[in-house]
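Trainee: As annotated in Swiss-Prot:
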BINDING   162, 163, 164, 165, 216, 217, 218, 219, 220, 221, 222, 223, 224  GTP binding site
BINDING   298, 303, 305, 311  Zn(2+) binding site
COMPBIAS  1-14  compositional bias 'Basic residues'
DOMAIN    106-274  domain 'CP-type G'
REGION    1-32  region 'Disordered'
């Protein structure tokens with residue numbers, strides 16, 4: 001007799017319960033290695049390069065990394081956070097110090113979590129690099145989802161399409177036409193191949209300064225790109241699932257890497273469903289930068305931008321000022337948002 005498959009909600013509930021149990025256990029362990037004040041040195045600046053459940057790896061001004069405990073007063077800590085920490089006079093169970101405070105963030109990138117609300121992934125980002133792939137097919141809808149996040153966080157975005165060595169001449173022309181949609185509204189795009197090396201120098205040049213973060217679904221080749229940019233890191237590369245074309249998750253924790261040319265790179269775990277249900281319709285609408293000029297000019301204040309009479313957005317689309325693909329993706333995103341919120345409301349009542 002075959003086992004009954006679990007629903008996605010059941011899987012998320014099981015995962016959440018496991019994580020909470022592990023967190024409680026690690027909290028108990030942490031109490032055993034709390035530092036006394038006279039065991040700690042002077043306060044110093046640092047940056048979080050990796051965050052674990054109750055610990056974090058902090059890099060000091062000299063580039064040395066120390067595993068630290070977190071003060072219980074710290075409500076949130078993520079990769080990229082600039083912190084005040086103190087080094088211990090000795091190591092205790094592999095822990096070398098304590099993080100005492102988080103400096104104000106320049107910005108943050110977050111995704112919704114079904115059980116814990118909004119979960120911040122990284123902080124103090126100068127550039128978000130959206131990595132997509134032509135395998136199994138290039139999804140503009142997924143790209144638009146990431147761009148909505150970027151626009152709401154007010155962080156510049158670069159669209160990178162990987163594995164273009166797999167394209168025929170005709171397919172390449174089609175992808176180039178798709179990317180022109182984004183170039184025309186001011187986004188930088190780049191077609192690359194980690195395998196053949198095409199345009200990898202241009203990709204590497206993006207990291208000359210500032211802190212960048214790779215985002216993208218599993219299987220798009222983020223780990224392969226890191227291996228090319230930082231060969232000494234040797235990030236684990238996952239195999240593509242033969243059934244879905246999506247890769248297995250290969251990065252378990254977000255991590256910040258320093259690049260030889262001076263910038264930093266944050267690699268985050270693959271996200272198959274980058275939910276946007278924490279955003280309302282107005283935030284989604286403002287996540288489409290080419291809509292900005294026309295917002296507030298519709299005939300009716302409560303215009304849904306569908307078939308409403310006097311809709312400035314639809315008129316702009318019909319005149320070619322807004323691309324029809326982006327306009328269709330916008331409505332697809334709004335519809336999926338309403339459906340997801342309805343399902344969450346139903347689930348919370350049962």
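Cβ atoms are placed via backbone N, Cα and C, with glycine included.
Computed from a predicted structure; not experimentally measured.
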Trainee: Out of 162, 216, 218, 222, 224, point to the one nearest residue 303 (Zn(2+) binding site) in space (Cα versus Cα); all of them are binding-site residues in the record.
Mentor: 216
Trainee: Taking the binding-site residues one at a time (222, 305), which has its Cβ surrounded by the most other Cβ atoms within 10 Å?
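Mentor: Ranked by Cβ atoms within 10 Å, first place goes to 222.
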Trainee: So what's the average pLDDT for the domain 'CP-type G' (106-274)?
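Mentor: Across the domain 'CP-type G' (106-274), the average pLDDT comes out at 83.
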Trainee: Other Cβ atoms within 10 Å is the metric here; tell me which of the binding-site residues 162, 218, 224 scores highest.
Mentor: 162
Trainee: Highest Cβ count within 10 Å among the binding-site residues 164, 220, 298, 311: which residue is it?
Mentor: 220
Trainee: Closest to residue 224 (GTP binding site): which of the binding-site residues 298, 305, 311, going by Cα position?
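Mentor: So, of the listed binding-site residues, the one sitting closest to residue 224 (GTP binding site) is 305.
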Trainee: Show, in sequence order, which residues other than 298, 303, 305, 311 on the same chain lie with their Cβ within 8 Å of the centre of the Cβ atoms of the Zn(2+) site.
Mentor: 299, 300, 304, 306, 308, 310, 312, 313, 314
Trainee: Determine, from DSSP, whether residue 162 (GTP binding site) sits in helix, strand or coil.
Mentor: strand
Trainee: Give me the CA-CA distance between residue 218 (GTP binding site) and residue 311 (Zn(2+) binding site), in Å, as a whole number.
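Mentor: With distance taken Cα to Cα, residue 311 (Zn(2+) binding site) is 38 Å from residue 218 (GTP binding site).
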Trainee: How far is it from residue 311 (Zn(2+) binding site) to residue 164 (GTP binding site), counting Cα to Cα, in Å?
Mentor: 38
Trainee: In Å, rounded, how far does the Cα of residue 220 (GTP binding site) sit from the Cα of residue 305 (Zn(2+) binding site)?
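Mentor: Answer for this pair: 33 Å between alpha carbons.
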Trainee: Any idea what DSSP makes of residue 220 (GTP binding site), helix, strand or coil?
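Mentor: The three-state answer is coil.
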